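Copied over from TrEMBL:
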type     : residues                                                       : note
ACT_SITE : ASP315                                                         : active site
BINDING  : GLN138, LYS154, ILE254, LEU255, TYR256, LEU257, GLU320, ASP330 : ATP binding site
BINDING  : ASP173, ASP330                                                 : Mn(2+) binding site
DOMAIN   : 221-418                                                        : domain 'FAM20 C-terminal'
TRANSMEM : 6-27                                                           : transmembrane segment
Amino acid sequence: MSMNYAFGFSLFLLILVALNIYFFYTLNTVGLKSHKFNVPTINVDLTSTVFKEIYDYLNYLPSQYKTINSKFGSHQNILLNSFNVSKNIKIDTIWSETQNWFNEDSLFPHDNGTAGKILHAIQTTQIALVDNAPKGTQLKLLLLLEGKQKIYFKPKRYNLNHVVNGNIYAGFDRHNSEVFAYYLAMVLNFRWIAPSVIRKIHLHKDVIPFATMGLKKTMIKNGNALCIYGKCFYCKKNETVCPDQNGEIEGAAILYLNKQLKIHKTPWRRSYSNRKMEWEVDNAFCKKVKSSLSTKLLLNIIDVAVFDFLIQNGDRHHFEVYRDKIILLDNGKGLGNPTVDELDILAPLYQCCMISPFTWQRLEMVSGGSLTNTIKILAALHNQNLATEEHFKAVERRLLKVYATVQYCIGKHGRAKVLKNWLI
Ligand SMILES: Nc1ncnc2c1ncn2[C@@H]1O[C@H](COP(=O)(O)OP(=O)(O)OP(=O)(O)O)[C@@H](O)[C@H]1O
Ligand SMILES: [Mn+2]
């Protein structure tokens with residue numbers, strides 16, 4: 001009897017120890033859960049050991065990252081309210097409200113429908129003047145809207161289903177990428193960005209009557225149509241922008257920022273040749289950057305890297321700063337190829353292994369499809385379809401890779417170091 005009791009008791013102790021060990025490991029290991037996480041596969045380059053390790057974490061991501069996070073619901077409602085278009089908008093007040101806005105957290109007003117009002121005004125206000133905007137390398141126009149609001153207009157060069165092959169910065173800017181980027185930034189709560197919306201301008205009604213002489217000089221007959229070749233570094237007479245069958249030119253209409261911006265070279269910029277940059281050969285590159293940049297700016301660069309990775313913008317050669325924060329300007333090189341995930345756009349994240357806790361919290365909130373669903377819903381409020389389903393799926397797939405990269409960092413350095421509140 002007592003032997004049986006002793007045996008039973010030892011068995012009980014054994015089970016208790018086993019349970020303890022089980023819970024200790026499940027609660028302490030990051031990512032490496034027992035069941036495999038199903039991530040849509042694409043061809044990836046696993047020659048780098050960092051990439052291999054990140055992909056290991058991707059295969060065993062905790063399941064919370066594939067389900068909707070209920071904490072996002074209230075934030076989604078706030079966004080919907082911001083972008084809802086009210087019918088009776090007074091546009092004369094919207095420009096002064098926009099230009100006189102001053103706030104530490106956002107470049108433009110958003111709340112109580114203002115974001116929607118601004119987009120509606122950009123989309124519909126009568127054009128007063130159209131000129132070339134020769135800044136930068138790609139064709140763009142400067143529109144002056146009634147009420148003296150300037151707008152940059154990046155014309156459509158490709159249909160949404162066109163796949164841009166070649167290197168990560170190949171091809172013309174994608175107008176839809178500019179607008180997609182604006183909504184992406186809003187969903188991620190990155191508020192240092194200019195409002196941007198798809199607008200169609202009629203060549204003979206909206207452009208020619210208001211075109212400057214300079215713009216008229218950069219127009220050319222292409223068959224029956226009058227087209228624009230513009231004035232910019234890469235502008236060529238045989239690469240024109242022509243109106244569609246309705247006589248309209250579609251483009252991204254981006255609010256012009258009348259502000260003094262400081263321009264910096266991105267430490268993680270590409271060479272635009274076969275030559276490798278320092279960050280591409282030295283995984284300890286971040287140490288060097290840390291010694292020359294403030295932590296605040298570095299965390300900001302890492303936010304931008306996450307943002308660029310999601311849309312696959314590999315062309316952020318420079319960044320412009322206003323009041324010590326990077327403005328997300330020039331987002332047209334995203335959404336080129338939905339089957340490509342260039343992981344090295346995330347180099348600032350996996351080489352520095354730090355991320356702002358605010359950014360991480362928001363990223364965790366938009367899991368399970370919320371990110372792209374919200375972009376779709378917000379864009380639809382202004383009658384826009386910003387990308388093909390393949391691109392929306394690709395953005396979700398890349399979000400999983402961002403989660404995996406942060407898990408890789410936590411696995412390597414511990415949560416406290418990666419998510420330390422550096423700014424306090
Ligand atoms: N919305 C804006 N408001 C004010 N200035 C802007 C805006 N967008 C762009 N700029 C200015 O114009 C410059 C060129 O714009 P952008 O980078 O979008 O053009 P790009 O043709 O893609 O240039 P690049 O080929 O150099 O990347 C920017 O560096 C910035 O200084
Ligand atoms: Mn550019």
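Each residue, glycine too, has its Cβ placed from N, Cα and C.
Just so it is clear, the model here is predicted, and its values are computed rather than measured.
Features recorded in TrEMBL, as mapped to the structure shown.
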{"residue": "GLN138", "record": "ATP binding site", "Cβ contacts under 8 Å, 6 or more apart": "LYS154, PHE172, ASP173, CYS232, TYR234, GLY332"}
{"residue": "ILE254", "record": "ATP binding site", "Cβ contacts under 8 Å, 6 or more apart": "ILE151, TYR152, PHE153, LYS154, GLU178, ALA194, PRO195, SER196"}
{"residue": "LEU255", "record": "ATP binding site", "Cβ contacts under 8 Å, 6 or more apart": "THR98, PHE108, ILE118, ILE122, GLN149, ILE151, ALA194, PRO195, SER196"}
{"residue": "TYR256", "record": "ATP binding site", "Cβ contacts under 8 Å, 6 or more apart": "LEU142, GLN149, LYS150, ILE151, TYR152, ALA194"}
{"residue": "LEU257", "record": "ATP binding site", "Cβ contacts under 8 Å, 6 or more apart": "LEU107, ALA194, TYR322, ILE327, LEU329"}
{"residue": "ASP315", "record": "active site", "Cβ contacts under 8 Å, 6 or more apart": "ILE168, TYR169, ARG270, ASP330, LYS333"}
{"residue": "GLU320", "record": "ATP binding site", "Cβ contacts under 8 Å, 6 or more apart": "LEU261, LYS262, ILE263, HIS264, ILE326, ILE327, LEU329"}
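Taking all protein chains in view, 25 other C-beta atoms sit within 10 angstroms of the C-beta of ASP173 (Mn(2+) binding site). ASP330 (ATP binding site) is surrounded by 21 other CB atoms, counting those within 10 A of its CB over all protein chains shown. In the three-state DSSP scheme, ASP173 (Mn(2+) binding site) is classed as coil.
In the three-state DSSP scheme, LEU257 (ATP binding site) falls into the coil class. Under the three-state DSSP scheme, LYS154 (ATP binding site) falls in the strand class. Taking the Cβ of LYS154 (ATP binding site) as centre and 10 Å as the limit, one finds 28 other Cβ atoms among all the protein chains shown. The 6 Å Cβ screen around ligand 2 retains ASP330 from the binding-site residues LYS154, ILE254, LEU255, LEU257, ASP330, ordered by sequence position. Taken as a whole, the domain 'FAM20 C-terminal' (221-418) shows an average pLDDT of 96 in this prediction. In the three-state DSSP scheme, GLU320 (ATP binding site) is classed as strand.
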